[in-house]
């Protein structure tokens, strides 16, 4: 065999020598042929390397072959391109021989990079498809740079190889040298033979690259040597792949198999479990030492005996039956009891594997026998313990649950079901997070996560749970982790005790305590809890605040030391009374240390045995109550004065005396606002005027004098007070301190209270007292002032009443004569003079005169006077004269100004009557003229309408008729242009005829000559027939029509032709303003009479008119057209009002259709209205008409 191998090696070496000699010889004859042969040989070896590597990669012991195969496939492909370019099969004129050099460098870059990657990644797991992808990608990128002229030039005509090519060759040598370094000194898994061959291949590649940097021409020896070294290098690489892919794996396989067999024998012998082999007849053929030790027999004693000799008889029979049944199975597990030499029992687990011959017949078995005797004893003990624990678990007085690491409940006891009100099946299907109250879940899950992460061994928590009945229950959770053999938590045991009642009690106790604490510390009373020695056990916040100390500072101090400085309190104080008899005591006392009145109380604290163990001392400030009682007493005294004193001045004087006494003021006044809005001061402090040397002091102060402090209070309606001396004019009484309070009734000034010069400063209590007095006396003072004013006015009432009667007689006589159509102006003015003289007889008069349009009428006793009063007479806003009274003296000095003012009113009234009289005369004259003109215009209008009806309709009807004849092609066919013109003529004529009809109808309506022929008809039938007229036009534009009639609709009585005209107008408008593809829906329904107000706008008159007892029919036409803006909804019903069609951009129609329709409906007792949500959202036009009332019979 060795001789054959030697002969094979000699043959291969001789073959290589022959190939080299042939290559040298061929290069000397034809270098191109030599180059082609050398490159093709390398390409064939590259493809062989790929094929061997690709198909053997799964057998290789590293990834070298997996990577190198795809790489050299790409190298071979690029070398093929290089070879073809060398012989000009691939030729690009502008690149010349540079293309051959560039392909050469691309192949070398791929070769060097691929070998480096294969060595570096040899110990990594590389998928073949990934290796192929990256190799092809790298090749494509490099070839792309060549194709797009990105790759640097490698050969220049006339120059030779470029520095880039030379540098590239050196770079390839460096990379391959680094690859040799990694191969020998890196962490690679190659054997020595593989390393040796691969090293030779890399060295030859480096030598080849160096030769290609030295050649001067294509025929010199360096160029020849480079190709030969490359070819030999490829062969060595090929041998490396063969060695790594086939020879090495197979030699390693057999050596490892022998070693593995020996290892298996050692493992079987050293196993703690027994190993048993049996043949087809259950005879023992193999045992290991562990099984011999367990049974107490030697290997020789066991081998050859039947296995059932060592099993219990019953188990032996069962096992034998099962074994016969299961011989077709692969592996089964049996629990068997063995009897050893000494009669002892061993419980084992037998795990057999069945053996079959080539024919598939059962030939024996081999089994692993595991001794589980101790485990069985432990299991029995555990089973007993588990039963006991299960009983304890199920009947535990608290809830217990087993919760896994995901917080899912796997086991619960009865008490847990009772607490949470779920059955066990439902409860174990829920996680504890779903059972916990949402507000408590986060804290519980955080602690549970820490428990399962091993950060804590247990935790306790009080939280709420949601029961199956939806109730909330409090539970005290105690969770502990159960750890595995590795110390990691496996699951948690959670125990929950129902503490709902306990928590409720604690919350109630805490609430009560908090309420007591809050009450104790927020109450405004001062409270101290004392022991029997009068030491403070606890003091509330109010007491500490009043004393200016912290609460804790008072604890332990003696109350007498704190409040009285160690002195004894008054004997009638509650504290002393309690010490004397031990009972509850209360008293109102002035406490100097607190500077105020207090209601004091002392209550003993008594133990269960009846002994006094302390007391509760309370003090409540009653200053406000005392002051309020004083204010109330003052107000009651003043109200008593108002009741008892009838005289206003004395009433105010007594009131002022009470106020001065209660405020300790020395001076003051009370004033009220009179009818001239002046401050009237009927009373001052006694002797105040005598103290003031300036006697011009007035008791009535006009508004313009309200500039001092008292005036400011009146102007601002606010209280003003000061404790600083006031500047006063020389000679006046000095004002040291003062308070001014306005008296307001319903926020209107009624008067003022002012006091001054108190011995001490005025304080808030004084101001509040005066304000409450002002408030309490505002209403009675106002009433008394009005009463006093009315009493004064009553004395003048009789005189004024008599004067008014004379004035009314004068006006009555004058108006009577003015309304007489036969009376002349002289008669009228003479009557005025006679009536006016007695009415002004109480005043000295020189005479009366009336001037109208320059004509003057006077009394017989007229005389000019400087004291005259004149009233102008105007007609239609233009002055036409006057009426004047001449007096003998100044009328303004009349003793009764009320009577005098009445005379001026009478004079103006007479002037107005004369103006009205003259205006009526002018209007009567104008009406006669206007009546004649209107009659003439009406005649002209009637003539025009009659002419319009005949002169316009007759030719229009002819035009329309002949247009229809032409359109029907009665006289022969028409051209397209003629049809278009005929259509325009017909539509224009019909439009003009409609316009004329609308105008004539409008004129009839305005003239009140439009007659309605009312008759009964079925409205639904009319609506259906109207749809027919527009159906063709709607179909043409793709508009859908819907009609929803109310079949319970009763007949109506109306002008059917006019109603049909209304419906046709509304449907035509909807069709006109609805875009193609839209829809129109018409409906009718009955409205009960009591519902009409809620449906019809502005329909109040419908419920009180002639149709108050009628039910109504409602017709609605809804479209999806252009819609109406809010300001257009009412405008559409105006005459000649047209809205632009946003579809066509035109303004179709006459603008009369909707106006006439509204008139037609309203003239027949109905209503027509429109509704739209806005532009582009369609419209709804609706109208109602009264239905006929049928007899109930």
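Positions of Cβ are set from backbone N, Cα and C atoms, glycine also.
In TrEMBL, the annotation transmembrane segment applies to 101-123, one of the ranges 101-123, 216-238. Each of 32-52, 101-123, 197-215 was scored by its Cβ pairs under 8 Å to the transmembrane segment (59-81), and the highest score goes to 101-123. Counting C-beta pairs under 8 angstroms (sequence separation of 6 or more), the transmembrane segment (168-185) reaches the transmembrane segment (101-123) with 3 or more such pairs. Against the transmembrane segment (197-215), stretch 101-123 has more CB pairs under 8 A than any other of 32-52, 101-123, 130-148. Only residues 6 or more beyond the boundaries of the transmembrane segment (130-148), in the same chain, are considered here, and those with a CB under 8 A from a CB of the stretch are 63, 66-67, 69-71, 73-74, 77-78, 81, 99, 102-103, 106, 109-110, 113-114. Per-residue confidence over the domain 'PAC' (459-511) averages out at a pLDDT of 86. Residues 62-64, 67-68, 71-72, 74-75, 78-79, 81-82, 85, 95, 135, 138-139, 142-143, 146, 151, 153-155, 161, 165, 168-169, 171-172, 175-176, 178-179, 182-183, 186-190, 202, 205, 209 of the same chain lie 6 or more positions beyond the ends of the transmembrane segment (101-123) yet place their CB under 8 Å from a CB of it. Mapped onto DSSP helix, strand and coil, the domain 'PAC' (332-384) counts 12 helix, 28 strand, 13 coil. Within the same chain, residues 23, 26, 65, 68-70, 72-73, 75-76, 79-80, 82-83, 86-87, 218, 224, 227-228, 230-231, 234-235, 237-238, 241-242, 245-246 sit at least 6 positions outside the transmembrane segment (32-52) and bring their C-beta atoms closer than 8 Å to a C-beta of that stretch.
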